[in-house]
Structures are given as structure tokens and as C-alpha cells.
Amino acid sequence: METFLFTSESVNEGHPDKLCDQVSDAILDACLEQDPESKVACETCTKTNMVMVFGEITTKAKVDYEKIVRDTCRGIGFTSADVGLDADHCKVLVNIEQQSPDIAQGVHGHLTKKPEEIGAGDQGHMFGYATDETPELMPLTHVLATQLGAKLTEVRKNKTCPWLRPDGKTQVTVEYKNDNGAMVPIRVHTVLISTQHDEGVTNEQIAQDLKEHVIKPVIPAKYLDENTIFHLNPSGRFVIGGPHGDAGLTGRKIIIDTYGGWGAHGEGAFSGKDPTKVDRSGAYIVRQAAKSVVAAGLARRCIVQVSYAIGVAEPLSVFVDTYKTGTIPDKDILALIKENFDFRPGMIAINLDLLRGGNFRYQKTAAYGHFGRDEADFTWETVKALKPKA
């Protein structure tokens, strides 16, 4: 049997880039909660003892940016300089301006356009992907790497592993076979975890706890064997982490946010962007389309691309490829997608309820992936019934 290896990585919520994603989306939540018509393009950067938010926001909401920054950092676990950042005493810098009136008139006519007329906030192309290799219809490498990161945070916060600190990275290599275009996982080849830790814990304790409390609960036993390789804190020391260890910036973990290197990516990041930004809303609708194709049994694997021009409501193109796993021709699947999904940005926002913020709705997406999540707020994960014409 001919097989191949494929690898996906993830980072958990204490990674400095992910901290920035969460701050940007927490600000988006606050704006949309008070004013669903908010236009938000919020970036965040961080380094030792400093977090800065900057960008363009037009909103009627009254937003305390500094409080949101501190609350978000504190919620992650950055409560002292020792762990990488002190949420209550770090410098918070804010440089927020209003959206360019040139963009505003072209996209939403200064709020005079009907939802179906609202143009894309920028040009670009977005991809959605789905595969039948997991119940989530997501790549196994990505699912496992992401879940390992989430479990690291869980056992840190519930004190199962009190030596853990917020920053951490995971990576999983899976051996696959190609079944006529579909991906079939055979086994987990390698597991890599690098996690920030307290000064006093030994490397032996770290390895033991990671295997028992993180790896075993996450990776199904059927994928592990005596040949599986484990690299657990292979650098030997990871005490300095978070923004103290590395600078962070919104939008630098776009592959982790999506499909772990599978499918394709149109390069636009998600966090800190309201639904008129098709980098986000376009990627959400094509994920729903691709997932619906696979869930309907029309293909075992599917990628969908959509593209836009700034200020234009209708997409420029829609493309589908089922990697030769389709039960009907790709052109017929494309016709079904076009019949069942409205790719106009204003209608995506309505149909996926994307104008609703607050209650951590968008902040939740900013760590542990935007796709494959079984939560009501992830409306784009809801499958549409697709039936080919007789």
C-alpha cells in the first residue's frame, strides 16, 4: 500500500499572534453587539509589556478599548510578567480612526444600500474545503493539532497541570493513503508539543503529563502505535513565552485558522473584520458550501473558491473541485452550489447571522479554528441539504 505523510500545526490561545487575533475579535464583538452596522478593521500587535490596537472603525457603539484589551489578556491567563504579560499593568496603546469615506461609499453607500446591494469590502478570493476523513468533515491532521492545543489550555486552566503557562504550539503528522482522490488516515506518525512551563518542573514531568493528560484524551488509540514518534518540548526549555518571548500580530495564523495546509487559502485573514470584509464572510460561505457537498454524499472531498471586486455585490467567479471523488460531475455540483448559496456579502451576513456580536461570538473563533466547530454561533458549519436533479 502506497502512503504519504502530511503535517498540520496549531498554536493555543496564549501564543502572541493568537492573543492579537482574540483582542481584535473581542473589539469586533463589542462593536457589533451595540451596533450591528459597525464597520470594523481592527489590528492588534504586542511585545513585552505592551499591546496596541489600531485600524479603522466606524460605529455608534461606545467601546472601552483599553478594558477589552486587558480583559482579553487576563482571560487567556496573562496575569504577570513572569508568564509573558501582565494584563493589569502593561501599556495599552490605541490608534483607531474611521473607515475611509472612499471605501464606505463604494461598499455600502454610506449605509443607504439594501443588503443585496452591499458590495464586497475589497477584492480577493477565498476557499472553502471539506473532507470525509473526520466527523467534522475536516482534515485529521488539523483536527488533532487543534484539539491538542485546546486540551493544553484546558488542563492549564483547571489546574490538572499547574506548571503550564499560556503559550504553546502543537503539530501532528499523519500517514495517509490516497483512495482515488479521498484522503484516508492510517496512523499518527509524529506528535510534537512545545509548551511554556514554570521554572521548577522537570522535562520528565512535562513529558509524562503531556502524554497522560493531553495526548491520550485527544488522539484516538487506533491511530497510535509503537512506532509513533513523540517530541515533547524538544528544545528542553520554554519558560519565557507569550509577548515576552515573541512579538505578536493579528492575522499571522491563517492556515491554523482554516484547514492546516489542506485545500487552499486566498491569503486574507479573519480576525478583527466585520462581515462586509469578504476575507471573512466569503471564506465562511464557501466552507458551508464545501461541507454541504460532502455531507450530502456528492463527493468525499471538495474545495470551493469564490472571488470578488471591491464595491461589487455579485461574485466574479465560483469554482468547485471534488478531486475526482464526486458522484456527479463537478459542473453539476457547481450548479447546485450556485442555486443554494447566495454569495453576495450583504446576504451572507444575513443568512449566516454574521451581524450578531457579543457573548464572545467572534472571539471564540480567534483560537482553535474557525471551522469544524460544533457550536451554535458557528452558523457556517450548518449543512444545507443538496439534492441533484433527477
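Backbone N, Cα and C atoms are what each Cβ position is placed from, and that goes for glycine too.
Taking the Cβ of Glu9 (Mg(2+) binding site) as centre and 10 Å as the limit, one finds 20 other Cβ atoms among all the protein chains shown. Annotation comment: Swiss-Prot describes Glu9 as Mg(2+) binding site, evidence class similarity to another entry.
As annotated by Swiss-Prot, ATP binding site applies to His15, Asp167, Gly168, Lys169, Ser235, Gly236, Arg237, Phe238, Asp246, Arg252, Lys253, Ala269, Lys273, Lys277. Its Cβ placed at the centre, Arg237 (ATP binding site) has 9 other Cβ atoms within 10 Å. DSSP assigns Arg237 (ATP binding site) to coil in the three-state reduction, outside any helix or strand.
Taken from Swiss-Prot, the feature K(+) binding site covers Glu43, and the record attributes it to similarity to another entry. For Glu43 (K(+) binding site), the count of additional Cβ atoms within 10 Å of its Cβ stands at 22 [all protein chains shown].
Secondary structure at Lys277 (L-methionine binding site), taken from DSSP and collapsed to helix, strand or coil, is coil. The L-methionine binding site feature in Swiss-Prot is assigned to Glu56, Gln99, Asp246, Lys277; the stated evidence is similarity to another entry.
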Below 8 Å Cβ to Cβ and six or more residues apart, same chain only. Which residues does that give for Glu56 (L-methionine binding site)?
Lys39, Val40, Ala41, Ile96, Glu97, Gln98, Gln99, Ser100
Spatial neighbours of Gly168 (ATP binding site) that are distant in sequence (at least 6 apart) but have CB under 8 A:
Val11, Asn12, Gly14, His15, Gly149, Leu152, Thr153, Ile193, Ser194, Thr195, Gln196, Gly241
Given the binding-site residues Glu9, Ser235, Arg237, Lys273, Lys277, which lie close to Glu43 (K(+) binding site), meaning Cα to Cα within 10 A?
Lys273
Fewest Cβ neighbours within 10 Å, where candidates are the binding-site residues His15, Gln99, Ser235, Asp246:
Ser235
Nearest to Glu9 (Mg(2+) binding site) by Cα distance: which of the binding-site residues Asp246, Lys253, Lys277 is it?
Lys253
Same chain, 6+ residues apart, C-beta under 8 Å of the C-beta of Lys273 (ATP binding site), given in sequence order:
Leu28, Val40, Ala41, Cys42, Gly121, Asp279, Arg280
